[in-house]
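Let me begin by presenting the structure, written as structure tokens, before commenting on it.
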Ligand code: SF4
């Protein structure tokens, strides 16, 4: 019998953040995370066990090949069987990970969002990625310079405090102007109130 995967939700929307902003994407959200970041709004503990075949059937109505494995922390759940099933279905597999667990081979796009600044125990298990996406709360960004990444994004944290958010956005804009190898990532799905 094949593996099952604990899924919180599967939905179709546009990617709101980072390199693929605006891209129609199938989101597969796994349940739960090994970390407890202070700003987290996506731990999503509830879930249903699904097989790879069940997942493929669930996403069949949606035409975009772009699949985003997200969470929670998807690396706690995924394996080669799921990667092969998604590739067999013609999908491009992107993952959003906190980088604390090794990933199975074959993922097409790794978006790594390091969390060790807030949680010392969040030691990285990966050192390179396609896209580095740093949630910015005012930390010194030179700490990320050793990470190999084809694309670097700074994403001002949504703190829930309008004044603090504005300050973080201003600092992020100035940082990108001084460091043009970095780009600004905004949570555009929140602006237009889509999932
Ligand atoms: S790694 Fe992501 S999902 Fe996990 S607690 Fe931190 S922000 Fe939330």
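For all residues, glycine too, the Cβ spot is worked out from N, Cα and C.
Among the features that TrEMBL reports, substrate binding site is placed at 14, 15, 16, 29, 70. Residue 70 (substrate binding site) falls within a strand segment according to DSSP.
Marked as domain 'Radical SAM core' by TrEMBL: 20-195.
Here TrEMBL flags 33, 37, 40 as [4Fe-4S] cluster binding site. Residue 40 ([4Fe-4S] cluster binding site) carries neither a helix nor a strand DSSP state and counts as coil.
The annotation S-adenosyl-L-methionine binding site is assigned in TrEMBL to 39, 40, 41, 72, 113, 114, 115, 155, 156, 157, 158. Here residue 40 ([4Fe-4S] cluster binding site) comes close to 33: these same-chain residues lie at least six apart in sequence, with C-beta atoms under 8 angstroms from its C-beta.
Sequence-distant contacts of residue 42 (Mg(2+) binding site), defined by Cβ-Cβ distance under 8 angstroms and a gap of at least six in the same chain, are 29, 33, 70, 71, 72. TrEMBL lists 42 with the feature Mg(2+) binding site.
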Query raised in the report: Among 14, 16, 29, 39, 41, 156, which binding-site residues lie by ligand 1, judged by Cβ under 6 Å to any atom?
Result: none
Report summary line: Confidence over the domain 'Radical SAM core' (20-195), expressed as mean pLDDT on the 0 to 100 scale, is 96
Query - Nearest-integer angstrom distance between the alpha carbons (Cα) of residue 37 ([4Fe-4S] cluster binding site) and residue 115 (S-adenosyl-L-methionine binding site) - result: 7
Requested in this report: State the Cα to Cα distance, in Å, between residue 41 (S-adenosyl-L-methionine binding site) and residue 16 (substrate binding site), rounded to an integer.
Outcome: 15
Query raised in the report: What does DSSP say about residue 14 (substrate binding site): helix, strand or coil?
Result: strand
